[in-house]
Amino acid sequence: MIQVLLVTICLAAFPYQGSSIILESGNVNDYEIVYPRKVTALPKGAVQPKYEDAMQYELKVNGEPVVLHLEKNKQLFSKDYSETHYSPDGREITTYPLVEDHCYYHGRIENDADSTASISACNGLKGHFKLQGEMYLIEPLKLSDSEAHAVYKYENVEKEDEAPKMCGVTQNWKSYEPIKKASQLVVTAEHQKYNPFRFVELVLVVDKAMVTKNNGDLDKIKTRMYELANTVNDIYRYMYIHVALVGLEIWSNEDKITVKPEADYTLNAFGEWRKTDLLTRKKHDNAQLLTAIDLDRVIGLAYVGSMCHPKRSTGIIQDYSPINLVVAVIMAHEMGHNLGINHDRGYCSCGDYACIMRPEISPEPSTFFSNCSYFDCWDFITNHNPECIVNEPLGTDIISPPVCGNELLEVGEECDCGTPENCQNECCDAATCKLKSGSQCGHGDCCEQCKFSKSGTECRASMSECDPAEHCTGQSSECPADVFHKNGQPCLDNYGYNGNCPIMYHQCYDLFGADVYEAEDSCFERNQKGNYYGYCRKENGNKIPCAPEDVKCGRLYCKDNSPGQNNSCKMFYSNEDEHKGMVLPGTKCADGKVCSNGHCVDVATAY
């Protein structure tokens, strides 16, 4: 059973009206002083752990008593979490810290359904909580009285520069303007059933300018990165995505790329470094670079719809503010682009709050994604299937003892539907994480009304001729593993590849819409140029022209017959995403041949 501590925070309001104080977050002109006093409720003689799994804090805010519930974020670090920095002579130093007993928590305010909290309890209480729609920050005061803390609103932190701060992404990944029904999107239980949690394994990279900004204090940098990751993890829980920190790399001696104010240049260089260096020594899904360099006119930039891509599953973030919440929201925004989320359009809504995916930072940083963001994200996940984020960590991989109520099925649990207040699973006893009497299951695509679905019930639909449907066995709540026909099997006058049937007509449709078809063979001869758009593959950064027999394995060309168009050799090219618009692997390029690594090869030898 989780041992809960009750800590009473007594508020003593010092005379501060008209005064200000300099905190880590900046100059604050209106604040309260609070004194946390810990009152344990552990059994007599019990050994108190350094950082409890769950805690409650009772305090007064604006004269009203509130109870803050906190639970240790057990999904913050992966089992194989590592940290890398460099000696003055450039030697790589990688360690694997013990992070089981960490001090980072998520939480909520009792009787406030819209409340959130992200708190570090390492040295006092530091972080933020939302109460009755308003964001409060809390941090220890550096006074001789070590128990003194300041509580204040974000709006009371003086801003050095009031000019709007923008994200550098200027184009949507896809146009969803016709789909304004997204503004009425409702997340149903059935929708959730077929959209389980995804898991993003994140590496944070800190540049040399950040090290200099922090006077070379690597421990200070690490603490800040943990706090940022804790908040990003909390934000994405509401998108059914777990973000786990699997690695931290600090460029302590020198930058491994040239970090320039030009965001496009820096993002491209960082992506190439991730592909050729970081991925070869650290398994992960996504990498974000934090820099203290002032980026020209923007505070962040990322590739859109690129999660799991070796180069483009990346973003860059300017360390724009000393307030962790602000930088964490920027990071969540840029990672959102990687997950296919566009900037919010005029009809998107977060209720009464600002939205994370606004093109510019809102006057108060938001922790909410809009209905459009949810639609964009899950449209990308469903239709483009970024496979790297599907792998759910096994219960035995969880680095800390299991915690009932964290919505993650762990060793010894039959189900986990969250806290008793939030559980909506009629099959699961939220207090014990055991199935209720008479229930066979509490989750899974083959679980209906707490019973195993009948044998033969379809649980995963066929996506193409190469991907047969899966059916329930009648003996398990889980749908059998997704299998597909062997690569190279005939389908739609083409050949199957990883469960899909990649024909050029479909690829043209995805790029340009209806009434667009595969172009004549003569158009593909342009791929022999080896110029910025016409090539077959890249080697060491150089674009390699197609050999005559390989021209249909380079840039895709389409014939546009849509109204008002008469383009017989239409192609797509973007500096931000050079790979988009290339013929997909496995596409038929001649009778009995398919595209593989920019070559048109015999289907019998391709797989």
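The backbone N, Cα and C atoms fix where each Cβ goes, glycine too.
What Swiss-Prot records for the Ca(2+) 1 site is ASP285, CYS388, ASN391, and among GLU201, GLU470, GLU478 the residue it adds there is GLU201. When Swiss-Prot is consulted, the disulfide partner of CYS441, picked from CYS446, CYS447, turns out to be CYS447.
Checking the candidates HIS309, HIS343 against Swiss-Prot: the one annotated together with HIS333, HIS337 at the Zn(2+) site is HIS343.
Working note on the binding-site residues HIS333, HIS337, HIS343: by count of other C-beta atoms within 10 Å of each C-beta, HIS333 ranks first.
Most Cβ neighbours within 10 Å among the recorded positions CYS427, CYS479, VAL483, CYS546: this distinction goes to CYS546.
When the C-alpha distances from ASP482 (Ca(2+) 3 binding site) to the recorded positions HIS333, CYS388, VAL403, CYS459, CYS600 are tabulated, the minimum falls on CYS459. Each residue contributes its Cα atom, and for HIS333 (Zn(2+) binding site) and CYS479 (disulfide bond) these two points are 33 Å apart. For CYS553 (disulfide bond), the nearest neighbour among the binding-site residues HIS337, ASN406, GLU413, ASP467, judged by Cα separation, is ASP467. For the recorded positions shown (GLU334, ASP416, GLU470), fewest C-beta neighbours within 10 angstroms: GLU470. On the backbone, the CA of CYS308 (disulfide bond) and the CA of HIS337 (Zn(2+) binding site) stand 13 Å apart.
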